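Copied from TrEMBL, the annotated features are:
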- 472-725: domain 'UvrD-like helicase ATP-binding' (DOMAIN)
- A493, G494, P495, G496, T497, G498, K499, T500: ATP binding site (BINDING)
Amino acid sequence: MSSDLFRADLHIHSRHSRATSRNLSPRLLAAWARVKGLDVVATGDFTHPGWLAELEDDLEEDGSGLLVPRQPVDVAAEIPWLEAVPPVSRTRFMLSAEISTIYKRGDKVRKVHHLVFLPGLEQVRALNFKLAQIGNLGSDGRPILGLDSRHLLEMVLETHPLAFLVPAHIWTPWFSLFGSKSGFDTIEECYGDLASEIFALETGLSSDPAMNWQWSALDRFRMISNSDAHSGEKLAREANLFSGEPSYEGIFRALRGEGQSHKFLGTVEFFPEEGKYHLDGHRNCNVVLDPKESKAHQNICPVCNQPLTLGVLHRVLELADRGLPLQPENQPDFHSLVPLNELIAEIVGTGPATKRVRNEYSRLVASHGSELHILGELPLDELRRNKPLLAESISRMRQGKVLRQSGFDGNYGKISMFTPQEQREFLRGRSFFIPEPTAAASPEVAAQTAAPYSATETQISDHPVQDAAPVLVFNEEQDRALRAGPHPVLVLAGPGTGKTRTLMGRIAHLLRQGVHPRRMLVVTFTRRAAQELRERLVNMHGEDEAIPQADTLHAMAYETWTRVQGEAPVLLSDDAARRVFAAANPELTSAQLKQLWDELSQARERRSLSENITEPADRYARQKQDWNLVDYSDLLEFWLAHAANDQTSSPYTHILVDEVQDLSLLQWELLQHLSPADGAGFWAIGDPRQCIYGFRGAVPDIADAMQSKWSNLETIPLNVNYRSASNLTQLYRGLFPEEQAMQCHDQSSGRIALFQASTDMREAAWIAGQVRGLLGGTGHWESDHGRHGCLSPGDIGILVRMKTLIPAVMQALQREGIPCSAPEAEPFWKEPRVAILLQAASGILGLGGMEEGALQCPQQVVVQGPVALAAHLQDVMPFDRLFWQGKEFLALKKAYARHQGWAGLLTWINFQAELELVRSRAETVQVMTLHASKGLEFEAIFLPALEDGLLPMIGLDLFGGSGGNTAGVSNIPAGRQTDLEEERRLFYVGLSRAKRWLFLSHAGKRNLFGRSLRLKASRFLENFPKKGIQRSKTVEQTVRRQKRISLFS
């Protein structure tokens, strides 16, 4: 090879990736690169902390954007069985990583692998820091992220002007840009407005450039080929050829087609038939078909009647717009080779990893040079004298005169140089005339010609035209509900019956009837639900149209207070309100404070203050008045008093209430005062079986309460479930057998699994394994073993009874490299008063203008930091002594000290905001409490810790008593029966979040709050049917040690 040419293999993996050689190291890779004939090798896996540390220890940057070994590499020391190969001093490494993204786009799960290249270790550390906010980089050398491909590309481009991304093995069925199982039909569809930043594509082992030349949309891209090696021996089975002195920017410019001194000269390729996804088929059924045959079978396996795994050739022809390959102008050639050890193995009649093959390989490399030199450049006359069979084998390979048995569904194909008859003759030691091989000479081998199938002759499929957005259609029950009235209406909507859809339909119906949006009040239970409702209303009616007021009662009560009083109140958080209560009642012990505070909070919501809490409540009220503070109940009580005394009519003619079953008595009384006496225009929707906020004072039976208030109430049930598979619906409806049966729109069956773990750690590991299976893992090796997951991370929810159960599950998921998240507390800088202080600090630093209403404080005070601000402002509105003692301000003080002043703190906060944007773009498996899951739905739900004492959380004192074992749960007192029913409803909520998959589990032993708990399985599981649930459990193995008896004892 000319001295100004170099070879590069730009896709490999470290030992930290799954299914890779355990002895891979940078020095071993350098040794194999010398043996193979590579000048530049990708580092692979720079995202893995352990591998990055090895790279930094063994390699150093050479000033060209590449890395070189710090010390010369002794090939004999690294690969002892090789003979007389000189030490390595010139192998260069290019910083690279493969990143797996799994996410949902267009109602389809997408799984795309990307190669990322960076010009230096500083850039690697910067990108890794961001990626670590999304997923666990330490679990796998090829991390799995729930990040949209377009967002990943954006992050890479922001890292450095020379950073670039190449879609990996673009045709592989399971994990690629154009893959038949989870890819896209165009590059623009995947990368959106950043598609122009992609300038190179990796062909993968099962395709070559000629196959890609059948689709004109790919003409502008450089087609690179790499080994995707998982061991040193597999390096250079595909590689790229460049001209110029090796450098990062030289490779970058050459691939962009901008190089003056550097050019991309083509690739060394696998024969694509040898790749393990070339043709269609089913490995387990031993069925392999070409695209024409697959089409004749409607892409269904003729053995098992399941969909075939469609190979790369099938997918290429599906998208191709040329009948035959047409090499684009300025695109280089390629050469197809077979690894040297495979050629030797065919000649000697053994496997390619045997000692005999290794010895011959070693002698060849020692006497004739590197493997790529022998395969592609060595004059064959040098071989013919002593190794005529090998010379003939290489000659046939270079001419493409080979026999091809194609790979399919994860099975590698086989490329042969000789017919079986020829092999039999030379293995017996006979000489033979060497003919040119033909397919007819090899009836035992399924041979194909080198020419690809014609796209014009084989029409694989027509691309269906996407339907327009569906028109909103309601079933008979929903239509009746949304049109009912003007008398009061209660819609009983079970899970998955279209509650939000019917509510939106009601609003649209009223607007069509001419009701002014400002005369409508829509009450939601959470701010999140209110925001989603407003977004839907804007989408329905447009941004320029007035929409009804939609918010929580607390938010609207805050607005009412501000309007009536002329200024906004200083609102206490729940935590701050408890501290004010404690300050007002200093004589109470901690236990008394907790008990009385809980009683007071519920009593105010239930409108029934008992005598034992009257005095503490009065002292609390006076303390708030003295400090000019209000809590959430104060807001509702103020609005109720104002509404009761207001002689004017209510501004609302229609009040619509979502999740009506969660109303407290205080909220219910307020809504009655906002409504006409006869309830005209009142319309509520909810499900009493999902009433799970009794501890917050929810009305026990809102349907009875409404019926008692308005005798003309019309109750309309919604009984068709559109969410869950039929067997899942039957399971959770069985918790309330006395209820009317629910109909299922989806009559298919989902999967229900129940796992009995020996310990909570085994349970968490089981959950992580099941989740990985649902996602399909991160790589080809898992798909090759039947793990064809069809979900994205955002499709999976894990619901627990209390927050303390979350960490164990999160750790198990993170160990598997599964992107996951749990609800986090709002960061301190988003607290409104902290934001005011930060705005003042930004002003003095010239980082932002002072807005109207900004903090009035001398600059010399602001400069001194948070402590000086607290001393100066004290009780100046909107601040108060509780704020200066609160956790948000304390966090501000700590962060100010840690970052050494306002400038460092504000820079850090801005960076955190950028990271939060990164995190918000990623899809994750969501781990949350059952209460937080209300209103959500997932394809798959996991419900762990289903044990008596945890769910139902009754009869077990988790927070008191001494440590040690707890063997059971006491009987429930008669007075706690209502708690048991609420726990049943909570379980019902969790079960009904699932669409198709439901995973239940419990553990025989669980460590919680420093105690070892041994609890029985939840009583809620007792009535589950014996059939239809896949039951499994941990099998403990006892290892018996045999005692060795000495003959002399």
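Heads up, residue numbers simply count up from 1 along the chain you see.
Every residue, even glycine, has its Cβ placed from backbone N, Cα and C.
Just so you know, TrEMBL annotations are computer predictions that nobody has curated.
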* To do: Show which residues of the chain containing G494 (ATP binding site), separated from it by at least 6 in sequence, have their CB under 8 Å from its CB.
  => D687, R689, P717, L718, N719, N721, M742, S992
* Within 10 Å of the Cβ of P495 (ATP binding site), how many other Cβ atoms can you find? Include all protein chains, please. => 23
* Would you list, in sequence order, the residues of this chain other than A493, G494, P495, G496, T497, G498, K499, T500 that have their CB within 8 A of the centroid of the site's CB atoms, where the site is the one recorded for ATP? => T502, D687, L718, N721, Y722, R723
* What is the Cβ neighbour count of A493 (ATP binding site) at a 10 Å cut-off, with all protein chains included? -> 27
* Structure fact -> Comparing local Cβ density (other Cβ atoms within 10 Å) for the binding-site residues T497, T500 points to T497
* Provide the number of Cβ atoms within 10 Å of the Cβ of G498 (ATP binding site), excluding the reference atom itself. => 21
* Structure fact -> Cβ density check for K499 (ATP binding site), other Cβ within 10 Å (all protein chains) comes to 23
* Which of the three DSSP states, helix, strand or coil, fits P495 (ATP binding site)? -> coil
* Asked: Around G496 (ATP binding site), which residues of its chain at least 6 apart sit with Cβ under 8 Å of its Cβ?
  -> N721, Y722, R723, S724, T729, E937, S992
* For T500 (ATP binding site), what is the secondary structure by DSSP, using just helix, strand and coil? -> helix
* Average pLDDT across the domain 'UvrD-like helicase ATP-binding' (472-725)? -> 88
